[in-house]
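Asks: Please find one structure pasted underneath; my questions will follow.
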């Protein structure tokens, strides 16, 4: 029992005690405790990815009547990947996903930052308003999708409000016009996730120490100047995290888009997840889907690997 | 810090405007849920903002009662999908919390599983759509398609990263002196974990579990792919609530949407202090 003599509960203690008798128990326990998570990760990562590589090299579909492991009978080599490179619907889905991201994330960031500035100090009603602002992000995304589906009906409340504001009857067919449909789904995304930006940015803003700001006040620095020279630079990490989270989630976006427009009209709101879903469920060419999925996984791994190693250095 | 009166006015006005915009969609759904069928399709000048003849018919309808206005009673009612959502999200939370908490403790205290933090971040990063083909094949092989157990298993895996990272930050923050004292008393490591550490972590465990339940409850895509009929969850069932005879069952969908939306909103507000920690993988603590 080395713990009795050395009263320094430091993090390296568990390592240094590992060669003692108690160390063996720790080793066993540490191994046992982390085992379920390791197995789950293997179960969902290693095997599926190997399977995916295999299927992506074949022309297999669940309709072929042969089990997936005999997909080699339909071996087509890299054909799926060649097809993918020249598939305009795939590239336009990628492009559309990026456009959605490039609009949603900055708008959410600016709105969230502006709101966070308003909430940074105490005022009557702050707590209740704070909780109310968070409501949209806790609504089930599929339900949020349905809310906006109702709102955008041509006889629905959005046209109702516009009619009221403009003084004449507005009958915009939001969801059957390609451009407006895209705008509509973007609005639903901004509605739902601005509160998340607000929540994270406010927490970050509140964690900036007050003393420096006080000193700056004493030196006569105005509010904007304090904000841009002291507060914002200190929030750098948090801003990166908040934006990264939204970029990642925006890339996956499916639920609300699919419910509002089903990817339509035509392919006007077809993001990458909706595209993959449709090829999976409607076209059932799973060999091709595996190739798409794998291509995306590889690109994401490279991008995220670079981002993580950069963040570790910085 | 002192702010001018002008700023205070601006602040309340800006927040009020934002709140109004952010509440309209939710309020519209609530209003829709209590409207009789005659008011669903009101348009233009007749647009009914608030139900003129509020009714619970929509709620009765989705639970199988046929009301005079609706064409016929539903063949499949909302009861089963609600049960499916509860079971799959609940047990998914149990799986994620069990595996995540123990792994977080193993790493935080004994330095085991050093690969897990990064592996789990990457797991979180990938769009679920990009691994669904193998998952659908595996689940079909295991006989888990269209069962709540199958959904619970995939939910447990998908939310494992959150459980792990959340609990890891809580364990890292916890002072070790109490555990050390119990060790000195002669307790085994395992007993310390079960009898000393976990009871102390009760609030952290509760808020993490609620957070993960919200995430599981919110899923649509995975349930859409892995369930077909018997165990469809609320969002999947909701999309099916329209028929060629009746068209969109606006009120019925809104009623179901309201039922689906209430639990996570209440839970989310209850754990709002921990939300930032959960959503940022513990990078930010409030």
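Backbone N, Cα and C atoms are what each Cβ position is placed from, and that goes for glycine too.
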Asks: Write down the single range among B:47-70, B:119-142 that appears in TrEMBL as transmembrane segment.
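Replies: Transmembrane segment, as annotated by TrEMBL, spans B:119-142.
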Asks: Counting Cβ pairs closer than 8 Å, which of B:12-34, B:82-107, B:119-142, B:204-227, B:247-271 has the most of them with the transmembrane segment (B:148-167)?
Replies: B:82-107
Asks: Hey, which of B:12-34, B:119-142, B:204-227, B:247-271 has the most Cβ-Cβ pairs under 8 Å against the transmembrane segment (B:82-107)?
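Replies: Answer, by Cβ pair count: B:204-227.
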Asks: Which residues, given as numbers and ranges, are at least 6 beyond the ends of the transmembrane segment (B:119-142) yet have a Cβ under 8 Å from it?
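Replies: Beyond its ends, the transmembrane segment (B:119-142) has Cβ neighbours at 150, 154, 157-158, 160-162, 164-165, 221-222, 225-226, 281.
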Asks: List, by number or range, the same-chain residues at least 6 past the transmembrane segment (B:204-227) whose CB is under 8 A from its CB atoms?
Replies: 84-85, 88-90, 92-93, 96-97, 100-101, 128-129, 132, 135-136, 139, 144-146, 150-151, 154-155, 158-159, 162-163, 166-167, 170, 198, 233, 235-236, 260, 263-264, 267-268, 270-271, 273-275, 278
Asks: Near the transmembrane segment (B:12-34), which residues from the same chain, at least 6 beyond its ends, have a CB less than 8 A from one of its CBs?
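Replies: Contacts of the transmembrane segment (B:12-34) (Cβ under 8 Å, skipping residues fewer than 6 from its ends): 40, 48-51, 54-56, 58-59, 250-251, 254-255, 257-258, 261.
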